[in-house]
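Here is what Swiss-Prot records for this protein:
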COMPBIAS  180-192  compositional bias 'Polar residues'
COMPBIAS  194-203  compositional bias 'Basic and acidic residues'
CARBOHYD  N59  N-linked glycosylation site
CARBOHYD  N111  N-linked glycosylation site
CARBOHYD  N182  N-linked glycosylation site
CARBOHYD  N226  N-linked glycosylation site
CARBOHYD  N230  N-linked glycosylation site
REGION    144-219  region 'Disordered'
SIGNAL    1-34  signal peptide
TRANSMEM  289-309  transmembrane segment
TRANSMEM  318-338  transmembrane segment
TRANSMEM  362-382  transmembrane segment
TRANSMEM  393-413  transmembrane segment
TRANSMEM  427-447  transmembrane segment
TRANSMEM  475-495  transmembrane segment
TRANSMEM  499-519  transmembrane segment
Amino acid sequence: MAVSERRGLSGESPTQCRWGYLSLLVLTLSGCSGRIHRLTLTGEKRADIQLNSFGFYTNGSLEVELSLLRLSLQETEKKLPKVGFSLSRVRSGSVRSYSRRNSHECPLDRNSSNFLVLFLINIKDLQVQVRKYGEQKLFISPGLLPEAPTQSGPPKPDPAGTPKDNHVIHPSPTEMSAVKENQTAPQVSGDKTTPGEHRHSSERQPPTQDPSGKEKDQVLGLGHLNDSYNFSFHIVISSRAEEGQYSLNFHNCHNSIPGQEQPFDLTVMIREKNPEGFLSAAEIPLFKLYLIMSACFLAADIFWVSVLCKNTYSVFKIHWLMAALAFTKSVSLLFHSINYYFINSQGHPIEGLAVMHYITHLLKGALLFITIALIGSGWAFVKYMLSDKEKKIFGIVIPLQVLANVAYIVIESREEGASDYGLWKEILFLVDLICCGAILFPVVWSIRHLQDASGTDGKVAVNLARLKLFRHYYVMVICYIYFTRIIAILLQVAVPFQWQWLYQLLVESSTLAFFVLTGYKFQPAGDNPYLQLPQEDEEDVQMEQVMTDSGFREGLSKVNKTASGRELL
């Protein structure tokens with residue numbers, strides 16, 4: 001949505017600028033890692049970091065490997081477990097944020113009756129204490145799952161909800177022995193320990209308020225090497241009762257008090273997987289959805305081009321721009337579908353295909369906003385020059401679309417726990433809102449112009465017909481923005497986690513309906529009032545009257561190329 005052809009709007013051609021933006025976007029993709037997440041933070045001072053959110057089905061698994069954690073703590077601070085992870089099951093579409101909580105409250109100290117798992121890192125005793133809250137039977141064990149060969153093939157989603165495979169994965173004897181080893185005596189060798197070598201007794205007093213009724217907490221080993229700490233664990237969703245949307249967060253409560261933050265380094269790998277692949281529950285149907293919608297947009301574009309070829313006398317440049325928009329939208333959805341296919345099968349996208357998706361998405365967004373604004377202003381249909389106000393609108397919308405697409409690519413390629421992830425997400429929302437409001441101004445100005453001209457220029461019938469058409473188009477644009485920005489978000493919040501893909505279905509269906517209605521309203525037909533060019537000005541009318549009265553034009557005819565073909569005077 002960032003780059004556009006401004007030819008016809010000004011005298012410059014931004015080809016060099018466009019390729020510069022594309023080069024910048026390609027370089028931005030270097031950190032893209034798909035659903036196998038790798039996050040490295042250096043000198044971080046945030047107290048709470050939202051690492052990731054994922055929807056799990058039965059037999060889904062979560063693997064977390066903290067390979068490096070370097071803290072700048074004093075000896076007194078090492079005695080308290082104020083650093084760790086939290087895993088919670090969140091409501092679908094909800095946004096978890098710790099920015100507004102009390103600065104003196106630590107999420108690792110709270111008790112909860114809801115589904116919650118805390119991993120408390122005890123630096124002094126070199127152990128990780130696991131506390132569970134709520135009714136749950138999550139299977140948590142140290143280490144990572146053994147790597148299995150990646151299964152190729154398209155994902156096979158079950159849009160109705162949970163997969164039909166309801167059998168439960170039971171822990172293997174090896175995993176059970178690993179859990180028992182956690183309760184044996186520690187084995188320490190010098191200053192270097194590893195999670196497999198350092199074990200502590202799990203005989204602890206239970207939490208003061210534990211709704212789950214567990215008598216003791218599970219303990220995992222914590223490795224220590226060169227002033228850094230490491231450990232790993234994996235979780236298996238073993239029953240349908242444990243399915244849902246899970247949110248994983250990292251907390252450093254030593255930095256909760258403003259002005260007393262201490263920098264720390266963090267390197268973590270997160271691997272999330274469902275039985276069908278690496279996609280979240282809400283993303284599994286998107287592969288087929290984007291493929292079907294791509295075919296629908298392509299079919300609509302082919303039909304539109306055939307209409308243009310049959311009405312060559314009534315076709316303007318804006319009609320071909322609309323055809324280019326539909327084709328670009330189709331190609332963008334195709335690359336998006338292929339991108340999800342490889343993410344599901346391999347855990348990460350193919351970088352070249354991801355770049356093509358971002359480029360086509362960029363062009364599609366630019367063509368969309370430019371086409372809506374040009375139709376609303378009447379360019380190419382009624383006039384070939386834009387007013388100063390309309391030029392200012394394009395001067396605002398086009399740079400904002402560049403910024404919006406940069407924000408979109410940063411969000412797609414960065415990890416959720418990156419320090420600037422939230423900032424770019426807010427920029428995308430704000431810029432998109434401004435662009436949606438800006439494209440309405442040309443339509444409103446055209447409506448006012450037609451209202452003023454309907455009773456003054458002698459062409460009341462034509463202007464009233466155009467006014468009615470512009471009002472319909474204004475309502476169409478409002479409905480398009482309303483459905484794709486507001487209703488879609490409300491739907492995403494309301495539906496369960498496995499139905500989150502309905503958000504994308506509503507957005508793409510609304511876009512297709514908007515394209516079809518726009519093409520129907522402004523099709524190159526002779527009786528379309530929008531395509532009827534304005535008649536001669538008053539001076540031409542007076543000259544025509546003089547020539548007619550003098551008999552000079554007797555037997556002559558004048559041919560005008562208008563939207564209704566050839567007109568005989």
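Cβ from N, Cα, C; glycine included.
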Least crowded of the glycosylation sites N59, N226, N230, counting other Cβ atoms within 10 Å of each Cβ, is N226
Go through the chain and flag residues at least 6 beyond the ends of the transmembrane segment (475-495) whose CB is under 8 A from any CB in it; none is fine as an answer. 92-94, 372, 376, 432-433, 436, 439-440, 443, 502-503, 506-507, 510-511, 514, 517-518, 521
Under 8 angstroms for C-beta pairs, at least 3 of them, ignoring pairs fewer than 6 apart in sequence. Is the transmembrane segment (289-309) in contact with the transmembrane segment (499-519) by that rule? yes
Roughly how many angstrom lie between the C-alpha atoms of N230 (N-linked glycosylation site) and N59 (N-linked glycosylation site)? 26
Taking a Cβ cut-off under 8 Å, which residues six or more beyond the ends of the transmembrane segment (318-338) line up next to it in the same chain? 286-291, 293-295, 297-298, 300-301, 304-305, 308, 350, 353, 356-357, 360-361, 363-364, 367-368, 370-371, 374-375, 379-381, 508, 511, 515, 518-519, 522, 524
